[in-house]
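If you check TrEMBL, you get these features:
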| type | residues | note |
| --- | --- | --- |
| DOMAIN | 3-136 | domain 'EamA' |
| TRANSMEM | 31-52 | transmembrane segment |
| TRANSMEM | 64-86 | transmembrane segment |
| TRANSMEM | 92-113 | transmembrane segment |
| TRANSMEM | 120-137 | transmembrane segment |
| TRANSMEM | 149-169 | transmembrane segment |
| DOMAIN | 151-280 | domain 'EamA' |
| TRANSMEM | 181-203 | transmembrane segment |
| TRANSMEM | 209-228 | transmembrane segment |
| TRANSMEM | 240-258 | transmembrane segment |
| TRANSMEM | 264-281 | transmembrane segment |
């Protein structure tokens with residue numbers, strides 16, 4: 001399969017994470033969802049990483065502290081905040097806010113001296129932020145001035161911040177990306193196990209919830225990472241980064257097919273965000289995509 005199609009497939013799987021996650025989180029708490037997402041995925045990810053990358057596992061595990069710290073942010077905090085956000089906002093809103101991730105990474109990379117951005121890139125960042133503000137306020141400026149914002153959208157901004165930290169920290173690992181993700185999934189699962197045990201692991205009580213959880217494990221957690229990590233070395237960093245905009249596109253399209261068409265404000269905000277990211281990404285792409293994935 002062509003690498004570009006694999007990138008599109010990964011984006012489609014991740015879009016499903018928003019739509020299916022929105023339904024599952026109504027019946028499971030976000031912490032249980034986060035743990036149940038990665039625990040069953042650990043062994044398949046380890047096997048796939050070994051077959052695809054043939055990593056030096058001993059050398060990799062010597063850096064377990066760094067892998068754990070980075071993993072707790074990207075594979076722990078990010079999905080937890082995402083699922084918590086989906087209790088208060090729609091999958092479409094969450095995916096549009098999440099689409100500003102490249103802009104957040106660009107700004108953070110510039111502040112840390114890891115990248116340079118031309119005027120066109122800053123214009124893209126600005127457009128993306130305007131688009132997100134449109135979605136956050138639903139086109140009503142009084143909401144922003146009165147700080148009456150949807151808590152779910154604000155939680156998604158927290159998820160964006162977590163993924164920004166994960167991305168920039170992950171680039172310093174210089175490890176095989178799929179193996180690094182598999183190791184992080186294993187370490188995060190072990191680290192969160194006592195927390196989940198104390199808080200109480202919530203298991204699905206309905207078959208539909210089990211099927212939803214199975215989708216999240218198989219496709220966004222395993223399939224998407226496999227497609228992404230196979231395709232990224234075979235395309236330019238700009239192509240890989242730009243393909244992440246498809247997550248929002250697929251989320252909006254599938255939501256519309258399911259009878260929940262986006263509002264005019266959501267469409268306008270989404271166009272501004274994606275257009276802004278297309279302007280910003282080519283310049284930002286020289287920092288390269290994050291090891292492990294785009295935005296799970």
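Using N, Cα and C of the backbone, Cβ positions are placed for all residues, glycine too.
TrEMBL annotations: computationally assigned, not manually curated.
Keep in mind the model is a prediction, meaning the values are calculated, not measured.
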Cβ-based contact of the transmembrane segment (209-228) with the transmembrane segment (264-281), 3 or more pairs under 8 Å: no
Candidates 64-86, 92-113, 149-169, 181-203, 240-258; stretch with most C-beta pairs under 8 Å toward the transmembrane segment (31-52): 181-203
Two-stretch contact, the transmembrane segment (149-169) and the transmembrane segment (64-86), at least three Cβ pairs under 8 Å: yes
Tally of residues which DSSP labels helix, strand or coil - the domain 'EamA' (151-280): 108 helix, 0 strand, 22 coil
Same-chain residue ranges lying at least 6 outside the transmembrane segment (64-86) that approach it to Cβ under 8 Å: 17-18, 21-22, 25, 30-31, 33-34, 37-38, 94, 98, 152-153, 155-156, 158-159, 162-163, 165-167, 169-170, 173, 180-181, 183-185, 187-188, 191-192, 292, 295-296
Stretch-averaged pLDDT - the domain 'EamA' (3-136): 89
The domain 'EamA' (3-136), counted residue by residue under DSSP: helix, strand, coil: 107 helix, 0 strand, 27 coil
